[in-house]
Amino acid sequence: MKIVRVALAVPLPRLFDYFVPDDVSLQIGMRVLVPFGTQKRVAIVADFPTKSDVPEDKLKAILQPLDLAPLFTPIYWDWLHWAANYYQAGLGDVLFQALPVKLRNGESAVKNDRTFWRITDAGKNALKQGELKRSKKQAEALQYLSETDLEKGNNDFSSAIWSALKAKGFIEEITIQTNPLSWQQRLGNNPIVNAENRLTLNKQQALAFSQLLFHSGFNVWLLDGVTGSGKTEIYLQYIEEILKSGKQVLVLVPEIGLTPQTVQRFKVRFNVEIDVLHSNLTDTQRLYVWDRARSGQSAIVIGTRSALFTQFSNLGAIILDEEHDSSYKQQDSWRYHARDLAIVLAQKLNISVLMGSATPSLESINNVQNGKYQHLVLSKRAGNSTALRHFVIDLKNQNIQNGLSKPLLERMKAHLEKGNQVLLFLNRRGFAPVLLCHECGWIAQCPHCEKPYTYHQHQNVLRCHHCGAQKTIPRQCGDCGSTHLVTTGLGTEQLEETLKTLFPHYSVARIDRDSTSRKGKLEGYLEDIQQGKSQILIGTQMLAKGHHFPNVTLVALVNVDSALFSLDFRAEERLAQLYIQVAGRAGRADKQGEVVLQTHYPDHPLLTTLLANGYQAFAKETLQLRHSMGLPPFTFQALIKAQARHSDLAENCLSQIADFFQSKQITGLQMLGPMPAPFSKKAGQYRWQLLLQHPSRMTLQKALREYQQAELEKNSQVRLILDVDPQDLS
């Protein structure tokens, strides 16, 4: 009896055995349909063991193979196994993550033909006669078809619209047999680039570019360039060289950095096949791009984090923009980091990774210092951008209106009256709220740890996340006796309403995840900003990077204090990165730019170092501090989270896990917790966490593997999450 071991997308970190009928031929990496309980499930062939732990008479047969050949090349298969091992994830979770949804659901991976919608003569007449005046969306779809055929399922119109038009006889389906051409065949004798759009590199850019070309094979390059220094031009010219060698390129950008203007810049420069992968695509569109990259039809794929799992027939380089950005870390399912996984993939493919940032992560700076990464520096702004002026406003004793001080309002008024735009930036992500005195700046601190208490709104208590101590909310300041105690944090909607009242003659645009959740909203806002229709811009992370706003001359960071006293040791690094990135939005043309920072703590070491000496000086000091405190990147961490409807269930579950690690007596292993998460209740679930830390990555991995294999008592009411190399401790 031939046995096959398969991976399934189920919440169980194990593989499952079936037997293979004699007339069926399988290979590792192919999909099969199997019985699983009372259901039929898609599975992926992972191994052919000689025997099974399941008795032969209990083994079920696979139902049918779904592929003629493996869906994964040997290198990608090896890479995905590495990812599953490192991130302590189920192989099924990882393999299925690497496939488009349509393939996860069992649809065919072979695309021999494509189906299109085409307008009929009746449809053309209907357009002329205006028969669809009452059906605006149908009229739009028909108008679109009058200009070009549209692939079925691979467009922006719903299936209901097409069904209605087909029922009326206005459109028809046509099927075209395809023999896909590679991107080089489609290019023919045309040039790869439009040379008139290629910019002349300055001395620093030319030096960096020549170093890139001099080295071949696997390398990790950190392009460390100040905002506006021309990193994108180096990307484009490097991509041109890769394409000239006949290879493909993957360009990764943060979720919020993938805008139409980013894609347009590539399409204006290159005459090759460019595909885009992002969260707004349909499942059909995602499968289409996956197939094109795998068959060599795509020359360039630009995408967000998950685009990393796109297989290429001949990948030549990976570009990773804004390498420091936290959105490269997956925060649900299995928690991989796209930057780190991209480097492992490049190593296995023997190609280079070019990573760029104006504010590199401290991990990457440390890897440069250790000789693991090559360092390319662009310290000068390209073009005619003028130097910025920086100002700090001390909020103590200021009259504040919803987070806005009088000096800031006066500066805003001055810039707006000159016809310029103003950007106010808020960031609350991952920053735990702390209690402070508005009069003198006193912070409520734990007397045992000398660290700020975290304010827990649901329980209305202060809790120390270093030792677990808690206390009731004080009525007055511990230093000056003032009763004016405030928590850090401010909402974009509150700020929007305040600004509309204070500046009634100017248009206010609020750009955050809520206001841009609908398709096309972000693009509309960005166009309004470019055209000057909005004068006051309120932004979150979305506006911090990548956008060119030539008329923005004043940028203000409204609330930074929570980052200065966060229990997350990375909060200060993120604040420094945000400050530099946000400042890069001001004065990008020939206009003088100003950056204003509001804080109760103008003398905080982070702010004084950052403003006086820049990001590199801050990074150097912070790395020294991390080293002395035994924090990453000099140690390695894993976070185990427990969520349950009852707090004691989550706490007890983590206590059992902590006891397990304690029993192993692992030298050098530090544990913090179990303790409530900084945001201890979310969506009706109580959240607890246990942080593990060790100076050896290998030792920590071994301990985690033993924990995964241990027969610990499970509680179905508790959801456990393991996050290796956590980026967010909240």
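Cβ from N, Cα, C; glycine included.
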If you look at how Swiss-Prot annotates this chain, which of 105-108, 153-156, 321-324 comes out as motif 'DEAH box'?
321-324
Neighbour-count leader, CB within 10 A, binding-site residues: T227, S229, C467, C480
S229
Same chain, outside the motif 'DEAH box' (321-324) by at least 6, Cβ under 8 Å from its Cβ: which residues?
222, 231-232, 235, 251-254, 257, 339, 355-357, 359-361, 364, 545-546, 577
So C446 (Zn(2+) 2 binding site), by the Cβ count within 10 Å over all chains shown, scores 20
Which three-state DSSP class does T232 (ATP binding site) fall into?
helix
Would you mind listing, in sequence order, the residues at least six apart from T232 (ATP binding site) in the same chain with a Cβ closer than 8 Å to its Cβ?
R265, D321
Sorted by sequence, non-C437, C440, C477, C480 residues with Cβ within 8 Å of centre, Zn(2+) 1
H438, E439, G441, W442, G478, D479, G481, S482, H484
Just to verify a number: CA distance, G228 (ATP binding site) to C477 (Zn(2+) 1 binding site), in angstrom, no decimals.
44
Identify which of the binding-site residues G225, G228, G230 has its Cβ surrounded by the largest number of other Cβ atoms within 10 Å, counting every protein chain shown.
G225
Helix, strand or coil for C437 (Zn(2+) 1 binding site)? Use DSSP.
strand
